[in-house]
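**Student:** Sharing a structure here in structure tokens format.
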């Protein structure tokens, strides 16, 4: 097969691993910067061009689209989809997952347990917002934040009001969540491929922090997950329409709670911790689904 990887930086670990895994299985691979793609949208002959040339047909496209380029990155991916390429995560699913409010609404509608969450845009009644999620301590987030950026733990009501007021000055959308103290600064990252959790790690925050993101200095170890955690991770990914997802779960006293679903999970931390060839599993999924029948169904 001919496979395109959409990424701004082909030297990143995840891109290199996906390229290696695909080539090892005999596929042709090209890494394309989605921001350098430009499109001819034409009912007679739509096409995608890249750095002065018209791109050929790709059997499959692997999107590694960062949150900062979601709009144009998913637009480029849609063009590949319209031309019959199989997407490992559809553009609509990526857009859905990147909208934190929309994704939480969909997960809640499906009965998936979440931390108690409130969301507002520059709330005038800060005290009621805090009360709505059960009071302090609580976590205040910028809706547009990633990798632990724009996330603050407010341990008292006064601190929570100060943080919310500060975020209000940014004219930003604010997400307020209950703080799960019993998780002790740890979460479980489940890597879902299709209908299976192929690997799971526990991520714990460094001393003095509560954010478990590996980019923020968190420490990872192999996790043994329960059947319920496995089922919740798979259901969360499927609810958002994702074939590949990183599902972050908090272990609360009342049971596992889904904190976030990542549409473009990094592979480095989880592969190096578990030793699982996740990139290979992703390529195998493509091999099973990027079939001639798929291209005919789409119209490619």
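Quick reminder: no glycine exception, Cβ is built from N, Cα and C everywhere.
So Swiss-Prot says this about it:
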DOMAIN    104-287  domain 'ATP-grasp'
BINDING   141, 178, 179, 187, 211, 212, 213  ATP binding site
BINDING   248, 260  Mn(2+) 1 binding site
BINDING   248, 260  Mg(2+) 1 binding site
BINDING   260, 262  Mn(2+) 2 binding site
BINDING   260, 262  Mg(2+) 2 binding site
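Quick one: where do these features end up spatially?
**Tutor:** Residue 187 (ATP binding site): 24 other CB atoms within 10 A of its CB, across all protein chains.
The local packing around residue 248 (Mn(2+) 1 binding site), expressed as other Cβ atoms within 10 Å of its Cβ over all shown chains, amounts to 21.
The Cβ of residue 260 (Mn(2+) 1 binding site) has 100, 247, 248 as same-chain neighbours under 8 Å, each 6 or more residues away in sequence.
In the three-state DSSP reading, residue 262 (Mn(2+) 2 binding site) counts as strand. Taking all protein chains in view, 20 other C-beta atoms sit within 10 angstroms of the C-beta of residue 262 (Mn(2+) 2 binding site).
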**Student:** Which state, by DSSP, holds residue 178 (ATP binding site): helix, strand or coil?
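**Tutor:** Residue 178 (ATP binding site) sits in a strand per DSSP.
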**Student:** About how far apart, in whole Å, are the alpha carbons (Cα) of residue 141 (ATP binding site) and residue 262 (Mn(2+) 2 binding site)?
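**Tutor:** If we compare the Cα positions of residue 141 (ATP binding site) and residue 262 (Mn(2+) 2 binding site), the gap is 16 Å.
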**Student:** Rounded to a whole angstrom, what is the C-alpha distance between residue 178 (ATP binding site) and residue 262 (Mn(2+) 2 binding site)?
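**Tutor:** Cα-Cα distance, residue 178 (ATP binding site) to residue 262 (Mn(2+) 2 binding site): 20 Å.
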**Student:** Enter the number of other CB atoms within 10 angstroms of the CB of residue 179 (ATP binding site).
**Tutor:** 19
**Student:** Pick out which of the binding-site residues 141, 178 has the most other Cβ atoms within 10 Å of its own Cβ.
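**Tutor:** In terms of Cβ crowding, the pick is 141.
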